[in-house]
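Over in TrEMBL, the protein carries these features:
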REPEAT    111-194  repeat 'Solcar'
REPEAT    205-289  repeat 'Solcar'
REPEAT    299-387  repeat 'Solcar'
Amino acid sequence: MGKRGIPLFGHKKDGFFSMCDSGSQWNVEQNNCYPVGLFASVGQMGMGFGVSPSSPNPRNNGGIKAPFSDLVLKYLPFQEEIRVVGVPEEEASLKRRKKKVGLKLKIKVSDPSLRRLISGGIAGAVSRTCVAPLETIRTHLMVGSSGNTTTEVFHNIMQTDGWKGLFRGNFVNVIRVAPSKAIELFAFDTVNKRLSPKPGEEPKIPIPASLFAGACAGVSSTLVTYPLELVKTRITIEKDMYDGIVDAFVKILQKEGPAELYRGLAPSLIGVIPYAATNYFAYDTLRKVYRKVFKEEKIGNIETLLIGSLAGAISSSATFPLEVARKQMQVGALNGRQVYKNVLHALASILEQEGIQGLYKGLGPSCLKLVPAAGISFMCYEACKRILVENDEDA
């Protein structure tokens, strides 16, 4: 016996009764006939049979519930999702397009502190490696050994050492930077989460949480990694005295004591705290602005790269005069230079003698390394946190 359909709702094609071999049923699409039973779809203008396969509750706002529809929805094996009449096709298509298909790498790491440390270490290593050529060129420009312009230095390095020359010494720098950045990002994330007020709560401290967390991150990182930085400097200057990093540590501790490992710490903290505080505060603020403007909670990798780079540019520009003053104070009275009493005296003297441009002398080469390094570091950190998940359900 062939199928015969009785149209409903005039000439509308949203639904019809079909006479199948084993009984009658409500069908949504033509040429679909199920063995037995009666199932329903949402009708138009409040009329029709008001249940949907995707909803446990029948629609009863003016509609009629089909008898035995719950049993049919429970036991009838649907092979694909039934289109709900009355829902715009554009909306359904949009929902389907939002489901992205792709390979998502997930690694289970239960401890949240360990996830942050691993993510920070990877971010530090990747960012340092990416900007290693810029750091090499910047160092040669400061020393003046391979030319006076960036292009000239680049061509000289390529002619003498090739591509390897641009990454010379990068392994040692990665060993130094990776733990430093791991501790820095871990400290910022942890302190910022603890101090950030929840919606509706009063602020826990009188200053922005991200500003204080950034300062804590800079101090923590410097305290932990400063001895390694000092040993690296000693090995570079006094090559014949030490056989390696371990030998340098042992000899310094034996001859000069543990306090020697932290010689010059105070000037370093003076330079680190303002930069770290403004860098992380700018990064956190820009992320909040992005979410508010674009109405998106998740921030992609490219957006994070741009936000991190902009934060690095802001913090570098804001704190660079302090860096200039600190270096002028370290030089001291060499070559007849003026001796400064403190940072404020140095800033006032430089401003009086050289003007505002004297406070930003060398900003370009400094930003050449710091700005991309900040963006890459933040991007890798956020990406690693998405890869490292707490449990298998997050994968």
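Glycine is treated like the rest: Cβ placed from N, Cα and C.
Sorting each residue of the repeat 'Solcar' (299-387) by its DSSP state yields 75 helix, 0 strand, 14 coil.
For the repeat 'Solcar' (205-289), the mean pLDDT of the prediction comes to 87.
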